[in-house]
């Protein structure tokens, strides 16, 4: 089963496709969708959508998880991230991918056992769980979101 994790952003959107096999997790692909300030606003949103849509069509995830928007002190940034989340959710919906939203503290708690864990602790656990060496924050967050969702799905499936 392939799970897509997304750390939404306007300038940098982290993504990770992970595969759960038995009790192990393998990263199929992960990275960033990056937009740049010299691009028109609508082009940046379109680029996020088209890149994610291509990745979804390539890897055909069974489900997805996306980080909920937390309130930022910078309203302008929060609005841009919210709009990026909108095109991300559109890409998931048009590809018939069911998704779950997670608060950052939920992901941190599930991955590290501490809802207030820092970036270093998160990255360490992500790399431990996947046997990888991810050093980019947004990518690591996307992997963590995918891991949290895949793990939660596994628990619910075991209960059934």
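Every residue gets a Cβ built from N, Cα and C, even glycine.
The active site feature in Swiss-Prot is assigned to 7, 67, 138. Positions annotated as Mg(2+) 1 binding site by Swiss-Prot, on the basis of sequence analysis: 7, 138. The Mg(2+) 2 binding site annotation in Swiss-Prot covers 67, and the record cites sequence analysis as its basis.
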Secondary structure at residue 138 (Mg(2+) 1 binding site), reduced by DSSP to three states: helix
Alpha-carbon spacing, residue 7 (active site) to residue 67 (active site), which is rounded to whole Å: 6
DSSP three-state assignment (helix, strand or coil) for residue 7 (active site): strand
Residue 138 (Mg(2+) 1 binding site) to residue 67 (active site) - Cα separation in whole Å: 11
Protein Cβ atoms within 10 Å of residue 67 (active site), excluding its own: 24
Other CB atoms within 10 A, centred on residue 138 (Mg(2+) 1 binding site): 23
